[in-house]
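Colleague: Annotations per TrEMBL:
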{"type": "BINDING", "residues": "HIS181, HIS230, HIS299, HIS492", "note": "Fe cation binding site"}
Amino acid sequence: MAPHTPTTAAGTPMVPGMPLREFETLATEHDYLLTDESGTLPADLRGTLYRNGMGAWESGGSPVGHIFDGDGMLSVFTFDGEHVRFRNRYVRTTHFLRGQHTRGPAGRGTGTLRRDGGLRANAFRWPLSNQANTNVVWHAGELLALWEGGKPHAVDPDTLETKGVHDFAGGLRGFGSFSAHPKIDARTGELFNFGTTFLPFPGIAAYRVDTAGALHTLARWRTPVPRLNHDIGLTDRYLVFVIPPMTVSPVGMLPVFLGLRPLGSALGFRPDIGTEIVLIPRDGGRRIHLHTEALLHFHLTNCYDDGTDTVIELVRYTADFDTLWGHFQHRFRTAPEKPAFGGPLTRLRVTRTGRITREDLTDRISEFPQIDARTTGRPHRYSYSIDVAHHRKPPGDSDQDAGYEVVPSGVTVLDHARGTESTYEIPNYGSVCEAVFAPRSPGAPEGEGWLLTVEYLRDEHRSRLLVLDARYPDRGPVYVGGLRHHLPLGLHGSFTTRISG
């Protein structure tokens, strides 16, 4: 396990009930050049950082009931070697457009009913509206805004105009969903993803999208109950699922379909059924289903083959599910009584005989793990994450007593070869979003490049772009570009060497 040195933040400490203004709506769409605040923009940093996340937590003038129910907003940073251009634009989903003209929420969500009116307004309507708010990926000439409960939305990569729902030329049929965490094999150019189905029966479908953009189904299987799975991994041999015991109760779904409760009310965590690991051969062979202890997790860093073993790296949450889910509801706008963000980077090893071992790689409270995307599916030296920088889990403390901090406030690189960490910790109890790696050049060695993240300045209610040396983030930003406003704390993004027009 990599060691660390605890530090203390300057500024006003965070206290329960404190407003988290990084979760305030940004209603205006912008287009301007960032202000150079400090450092020098690297001349060879050229390309586009596309980010996605919730930009508005109101719909039809009313607040939504869950952090994941906000409308998707793309935030785009274009690097031309001299300047950084910023633009943001909402994805014109049906939900977003309807919300411009309705009174009350425009659609149902994880924690939101469409509007007051009970049965008449909500009954037998599909439980979720597609907000296209989770991730954005460039593949096969298409920029896709992703949301795990439905189909992608295609967006023009230059104008950011929404082109419409993208079903892969009819390959994604009916209620078929296309999840928000696809993996791209950098060597073949293929994209792999999955979708969870509820109707006519609960199940999971695994997909491969070729370099021409055609979708192919690798596998389909039924699950005894609907399962919530957020991410996947990829190796040279397998598409890897680590499915946590987050389930949708069939009994709980009755009031959901009647329009009396939102879908999130039927979701629960069932340790008794454990976590299921499913390995799907990329060459079309037989699926392998294994079971291990119940793990609460959302994101996988990477997976790879090690001889006959399969290695999986993920973030293992230490909070209990009810506390975490409670934070995601209405209370996400203020600092809660009990922190629940993240957990340690953890490695699972699956042997050929089906034995599964677990090892925590760090005691930092981390989330949103990333790698140099060129190493997807292969052994990686560096893991990047954002973490609770100002509080560490003291030796001997339980997982449930990790100190008080509820937003990510540091960017860390874990060097697996040396067993060391390097962290940039932001001051004054601000926050940062997922750090995305941008290589110095297409042929640069792994880890030679920059980490791109957005810092929220709590005292100023404003955000700024940070460019960090991916090898030495502890040295501080090599460049800081100021925004004119705050940028809501988003979710996921990706970097492409294509310079957006």
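Please read every residue number as a count from 1 along the shown chain.
Just so you know, glycine gets a Cβ as well, placed from its N, Cα and C.
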Colleague: Please classify the secondary structure at HIS492 (Fe cation binding site) using three-state DSSP.
Modeller: strand
Colleague: Just counting, how many other CB atoms are there within 10 A of the CB of HIS492 (Fe cation binding site)?
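Modeller: So the Cβ neighbour count for HIS492 (Fe cation binding site) comes to 22.
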Colleague: If you take the centroid of the Cβ atoms of HIS181, HIS230, HIS299, HIS492, the listed Fe cation site, which other residues of that chain have their Cβ within 8 Å of it?
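Modeller: Nearby residues not in the site list: THR134, ASN135, ALA180, ASP231, PHE298, LEU300, LEU491.
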Colleague: On the three-state reduction of DSSP, what should I expect for HIS299 (Fe cation binding site)?
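Modeller: It is in a strand.
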Colleague: Which of the three DSSP-derived classes (helix, strand, coil) applies to HIS230 (Fe cation binding site)?
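Modeller: SS state of HIS230 (Fe cation binding site) = coil.
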